[in-house]
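According to TrEMBL, the protein has these features:
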DOMAIN    87-511  domain 'Major facilitator superfamily (MFS) profile'
TRANSMEM  20-42  transmembrane segment
TRANSMEM  171-201  transmembrane segment
TRANSMEM  232-252  transmembrane segment
TRANSMEM  258-276  transmembrane segment
TRANSMEM  342-363  transmembrane segment
TRANSMEM  369-391  transmembrane segment
TRANSMEM  398-417  transmembrane segment
TRANSMEM  423-446  transmembrane segment
TRANSMEM  486-506  transmembrane segment
Amino acid sequence: MKEYEETTAFLGQWGPYQKIIFFLICSTALANGLVLFSLVFLNGIPKHHCLIPEVNLTEEWRAAIIPIEVLNGKQELSRCSRYRLDVVLNLSAQGLNPGVDVNLTDLHQENCVDGWNYSKDIYQSTFVSEFNLVCKDQWKQPFTSSVIFIGVFFGSFISGQLSDRFGRKPVLFATMAVQTIFTFVTIFSPSWAVLCILIFWASFGQVGNYVAGFVLGCEILNGNVRVLFSSLGITLGFSIGYMMLPLFAFFLRDWKSLQLGLTVPGLLYIPMWWMITESPRWLLSQGRVEEAEAILRNAAKKNKIDAPDVIFDDPKEVNIQAKQQYHIIDLIRTLHVRNTTFLLFLLWVTVATGYVGLSINTAQLHPNPYLSCFLSAVVEVPAYISSWLALQYISRRLSFVCILVVAGSSLYLIQLVPEGLSGVTIALEMLGKFAITAGATLVYAYTAEIYPTGLRNTGTAVCGSVSRMGSILSPFLLSLSVYYKFMPQLVLGTLAFVSLFTTLFMPETFKKPLPQCIEEMPKRKRFIPSKKNMKRQSHIQYNTCNLGSWRTVGRHKSGTPYLDEKGVTTEG
């Protein structure tokens, strides 16, 4: 049976049909870029201190009632305590002055029993100020960020299987609707617990439509256009949305207004249902040959090309392949596939933890979070361009080796920068973000190239789900800086070097057709193959997806059958 890409070559690679699919699917990623890191602003921590009620205090005591603490070598007002209000009221009524008649260090302190006063210099309101996620409830702030990635975890896991079973297009639009609806409903959250439930479902839909759209584009587009889409097109759509986020947040500084603004793009995607087609590859894998041919004939009409009278000249062979239904257990069923899957898990965890951790942390590199978020988004553009060039001209394993060396080295070197050279520190962290972002792009394309059609979306989604464990922990990883300033960078750099070693055991997929079944999955080869293996590989050649079109004509000494399409015995 011919390869799918060979069969559909009559369409060309860059006609009107492919252009419509390319740009529409890329545009769906814009909403993902807007929503994913909106937590930087929605969950931002404004400056705050204990609220002082309107009581009869002199101006001197009102200014002195908040203790002074030293944090990171700087004096700041205490965020979680004040001098006991009843004692201060008594001293103020006696006409005593703080620091002159009264030694403040002798006074007892109390918690913020009347609430907090939040600065509005940067944010009008956030999750933190709305639900008081500070002091004894401070753990809820990073946990809220983690909930977003818990939703992404389950979204990656479940939507992938739904997409493989019900189709790429229905899941793409269903999860897009989930993201839009629940992003809007969060505005009405009466409590922090309800907020967490709603943002869980919003993030569930967010990753579901990104993965479904990514796989849909990879399966419809062919050749260099597919590489352009997977490495540059859809990622630039995401980065454009990411760069628009600080603009939205700058003008919508109240968290409810920002959430409302983030729902608008979802409504604009409704007409795309009638413009984006289902994946013909997926239809073939389900045995729906007539529907696949109808889509391809319609595509040929749009491209002003005459389709052949019979596109799939042997439907029986297509149906044989279509009966090969795969499930999530197939990711670990055999030794070869299991090893590949676990190595991909580690690679995905590394790039996901680094990408999320550095994206959140770079917002703290500059006093203006809107500017720092924009810079963090801008650095992704050259990263995506680099990954596109790498996919075009460099083998996959070599690409990951270079990326992980740059990421690990830059994050390690941050520790050696003198205290006064903050610009160098920012540059090194941005270099690490650049490398990790390129890796995050490559790992999607690499995974899609490894797994066969019936398992591709599930494989990509499960790898993404496992990687979210790192994303979930990233907000708490950043809190390790309390113990050592550069501990987060040290952990991320170590992960990069560990993954660097494991890439040596990964299979190569560079310039190879997408596999249609598990038996066609690329296997790891030695860097310098032995003569024995080379001889054996040259003698044993067979069609692995459809053994029905071959026949056994001889056996190797080890008992392995020689299979030849023309019935010619291969000498061993």
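The backbone N, Cα and C atoms fix where each Cβ goes, and this holds for glycine too.
The largest share of C-beta pairs under 8 angstroms with the transmembrane segment (20-42) comes from 232-252, of the ranges 171-201, 232-252, 423-446. Panel annotation: around the transmembrane segment (342-363), residues 37, 39-40, 145, 149, 332, 369, 372-373, 375-376, 400, 404, 407, 429-430, 432-433, 436-437, 439-440, 443, 447, 450, 463-464, 466-471, 473-475, 477-478, 488, 492, 495-496, 498-499, 502-503, 505-506 of the same chain, lying at least six beyond its termini, place a Cβ under 8 Å from a Cβ of the stretch. For the transmembrane segment (369-391), same-chain residues at least 6 beyond its ends with a Cβ under 8 Å from one of its own Cβ atoms are 33, 37, 40-41, 44, 122, 227-228, 230-232, 235-236, 238-239, 242-243, 245-246, 249-250, 358-359, 362-363, 399, 402, 430, 433-435, 437-439, 441-442, 445. Averaged across the domain 'Major facilitator superfamily (MFS) profile' (87-511), pLDDT in this predicted model comes to 84.
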